[in-house]
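Student: Could you have a look at this structure, given as structure tokens, before my questions?
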Amino acid sequence: MPTITLPDGSQRSFDHPVSVAEVAASIGAGLAKATVAGKVNGKLVDACDIIDSDATLQIITPKDEEGLEIIRHSCAHLVGHAVKQLYPTAKMVIGPVIDEGFYYDIAFERPFTPDDMAAIEQRMHQLIDTEYDVIKKVTPRAEVIEVFKARGEDYKLRLVEDMPNEQAMGLYYHEEYVDMCRGPHVPNTRFLKSFKLTKLSGAYWRGDAKNEQLQRVYGTAWADKKQLAAYIQRIEEAEKRDHRKIGKRLGLFHTQEEAPGMVFWHPNGWTLYQVLEQYMRKVQRDNGYLEIKTPQVVDRSLWEKSGHWANYADNMFTTESESRDYAIKPMNCPCHVQVFNQGLKSYRELPMRLAEFGACHRNEPSGALHGIMRVRAFTQDDAHIFCTEEQMQAESAAFIKLTMDVYRDFGFTDVEMKLSTRPEKRVGSDELWDRAEAALAAALDSAGLPYDLQPGEGAFYGPKIEFSLKDCLGRVWQCGTLQLDFNLPVRLGAEYVSEDNSRKHPVMLHRAILGSFERFVGILIEHYEGAFPAWLAPTQAVIMNITDKQADFVVQVEKTLNESGFRAKSDLRNEKIGFKIREHTLLKVPYLLVIGDKEVEMQTVAVRTREGADLGSMPVAQFAEFLAQAVSRRGRPDSE
């Protein structure tokens, strides 16, 4: 009979097989009521699952991350229950957990409307209020097929076909509604009270635009009402910061249907984009990178050699000319190897750091496109470092330091790092992987940076480090990457002459700091809500006159500031000064300079900030010095 070992090391013995729920009840009524599921010998199981031999057990409650994920998964099933009651002809497809929520894909004869979503949410609350038990039944495959045939659930039958080796499957019954899942799920709907449906969208069966279109219902769920309210507040704040709305309001960019996933940059937005590019160009030049430019359209033969044609063709835009097939490059790496291959290199020339602001195109599904955050045409701050195995650690350490410095300049100090190690299927010897993983780990350790280990999550051709920024709302954006590659230099014949005069393949480090410029601009817009630090602001100062008498001095100040390397504009419109100040404050211009008769007489400017602070009057040269200091701080706090 089982002896159960709990996380604190205490043990409980039973004279009969017991469920997770029964063990929880033996500990206390409060824990029994809070039990969502269990973790038996490290494996998540339902609260009703039986333990019949000695085991370790962790009781999972809504306070645990796994408990929250189970609540979200069960909410997806609850969507199915409500939809089938309201729209009996709907066919249920899949309902997975996603970051901070869940969705359910549904086949229905018409698109769902916001009114439908409200009705589904209301019915879900009604079902939750009955506090019914969710019943799990492990069911033989043949019976599962009969269950879904009887209900006309064609997509569920297709999913069963996808699992030919599964002879028994978990069916979860929400009263008359049944769904198929590996689980676990909550034992009762009382755990699901803190949820909200958030949006509707279209989707495709299996994510393929050639397949039938489905309706996708998104939602979020939390452990309690307080967490849900905090999330809703965060979402409302995020909507206020939506880069698409701010981009339009500030005249930064737009997108349109005739060029899906492509950006029309307006003067203000293009100015911001160029500031990023010029900054990164200087940073990379100062750190030993050589800037190059490679073709946009490349013959399919190179993509076949690199492996992209076989593995990435669906995401590539292709064309044909004079009986030859070409692809618009989705990435820069194969072209950078071609530059390295021009002339045999010596070990003395390594490391060689080749950088490109590489314009790439990827055929992303139209449903996945989102403003400038997810596009089809984008530019990367892409670079590839060709080095020896012995140089891997030093190059990695230098890149990590550079990356963290860049992020600080943009105002991001909370950076998460993940080290992904060897997957089961991989190229290269275990000894090479040992050295590569050790090099990346040592580089992170030498920088004194904490990181999460992701075993088995590396690419087949090498381990990698991912850098993710946390913005002012706590959202995490994966931007930077350092990817070691043992494969591509071999495939594309990259070699150097080593110290012993033999030829060797270099290790290739794929690296990016910002990632996509377009996406990074979107992140900056939302992080700063359009109120960029002075160094990034498209217009750093606007000079305004009170009456026509000051116009000449306004123009003179504008010329002085622009000749000093700043981005200044004048506003000579025949409008009240209060109107001008309000307008440029809404346009998020950092500094507003007002010139009246007194300022003309004293040859000064009255300086206000967009936040409303009055900095007083000062000579133009003094303001230029003040602005230069603000620009030099970049996005770092004043104390740095």
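The backbone N, Cα and C atoms fix where each Cβ goes, glycine too.
Given the structure is predicted, the values throughout are model-derived calculations rather than measurements.
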Student: Report the candidate from His266, His384, His584 that shares the Zn(2+) site with Cys333, His510, as recorded in Swiss-Prot.
Tutor: His384
Student: Relative to the Cβ of His510 (Zn(2+) binding site), which residues of the same chain, six or more apart in sequence, are found under 8 Å away?
Tutor: Cys333, Asp382, His384, Thr481, Leu482, Gln483, Asp485
Student: Tally every other Cβ atom lying within 10 Å of the Cβ atom of Cys333 (Zn(2+) binding site).
Tutor: 19
Student: Residues other than Cys333, His384, His510 within 8 Å, Cβ to Cβ centroid, of the Zn(2+) site?
Tutor: Met331, Asn332, His336, Val337, Asp382, Ala383, Gln483, Asp485, Leu488, Met508, Leu509, Arg511
Student: Could you give me the DSSP helix, strand and coil counts for the domain 'TGS' (1-61)?
Tutor: 14 helix, 24 strand, 23 coil
